[in-house]
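Everything below concerns the one structure shown next.
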Amino acid sequence: MMILTIVVLLAANILATPILPSSPNATIVGGVKAQAGDCPYQISLQSSSHFCGGSILDEYWILTAAHCVNGQSAKKLSIRYNTLKHASGGEKIQVAEIYQHENYDSMTIDNDVALIKLKTPMTLDQTNAKPVPLPAQGSDVKVGDKIRVSGWGYLQEGSYSLPSELQRVDIDVVSREQCDQLYSKAGADVSENMICGGDVANGGVDSCQGDSGGPVVDVATKQIVGIVSWGYGCARKGYPGVYTRVGNFVDWIESKRSQ
């Protein structure tokens, strides 16, 4: 998954994420190719090419990570949607405005949430283009819940090529307390604005560079509960992926969408 070195973004228009010993924008490690309709809310955020993921909230609004848009100019960005491929198919739409959370901290990667408003509306209710529902404000995941992470990130740590087709993986939620204890050894903090997921004992399943900003969806409720944010390496044993806790930002999201 992404790696937070407590430094910040690395090559914003290549992969954009926070880093530790690797880099933040993750892709899916240990997953499978997504099939039509598996993740219809997934979009590719692009400059000259794919660099982050995002999630469809409605015809105009995309949810992504703050670190993905940090320092970015809206006029240079577009999204591709309604396709399983980040480089072809579907439709591209230009970005009109970027709303980065006011309290985003690029050192701790806290409040890692942003909204993107599009210039023209998407055509939704297609097999690969549907909005994802938000959870209730203040809601949280439970240990052991199954969550689905998707994206076009690297398939393994140290890889430098993105898969052409969308990947997905279902993982288990890890307790915030355990996650914080594990990351404290690397000098990082897991806040109440974050959730964690993966296989702590064995590793092998995670997001990786290129997945940043993408959706983390509760398999049971189909609601978006997380945003791919950061991590230590990709799918490393003892280091679960860390995701923005969407439940803590629903009021913020709705306030921006109503402006």
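Cβ atoms are placed via backbone N, Cα and C, with glycine included.
The annotation signal peptide is assigned in Swiss-Prot to 1-16 on the grounds of sequence analysis.
If you look up Swiss-Prot, you'll see 28-258 marked as domain 'Peptidase S1'. Per-residue confidence over the domain 'Peptidase S1' (28-258) averages out at a pLDDT of 91.
The Cβ of Cys68 (disulfide bond) has 31 neighbouring Cβ atoms from other residues within 10 Å, across all protein chains displayed. According to Swiss-Prot, the disulfide bond annotation covers Cys52-Cys68 (among others).
All protein chains considered, the CB of His67 (active site, charge relay system) has 34 other CB atoms within 10 Å. Taken from Swiss-Prot, the feature active site, charge relay system applies to His67 (among others).
Annotated active site, charge relay system per Swiss-Prot: Asp112 (among others), in sequence order. Mapped onto three states, the DSSP output places Asp112 (active site, charge relay system) in coil.
The disulfide bond annotation in Swiss-Prot covers Cys179-Cys196 (among others) and rests on sequence analysis. DSSP classifies Cys196 (disulfide bond) as strand under the three-state reduction. Other C-beta atoms found within 10 angstroms of the C-beta of Cys196 (disulfide bond) number 30, with every protein chain shown included.
What Swiss-Prot records for Asp206 is site 'Required for specificity'.
As annotated by Swiss-Prot, disulfide bond applies to Cys208-Cys234 (among others).
Per Swiss-Prot, the feature active site, charge relay system maps to Ser212 (among others). Classification of Ser212 (active site, charge relay system) by DSSP places it in coil, neither helical nor stranded.
For the pair Ser212 (active site, charge relay system) and Cys52 (disulfide bond), the C-alpha distance works out to 5 angstrom. For Cys179 (disulfide bond), the same-chain residues 6+ apart in sequence whose C-beta sits under 8 angstroms from its C-beta are Val190, Met194, Cys196, Pro240, Val242. The distance from the Cα of Cys68 (disulfide bond) to the Cα of Asp112 (active site, charge relay system) comes to 9 Å.
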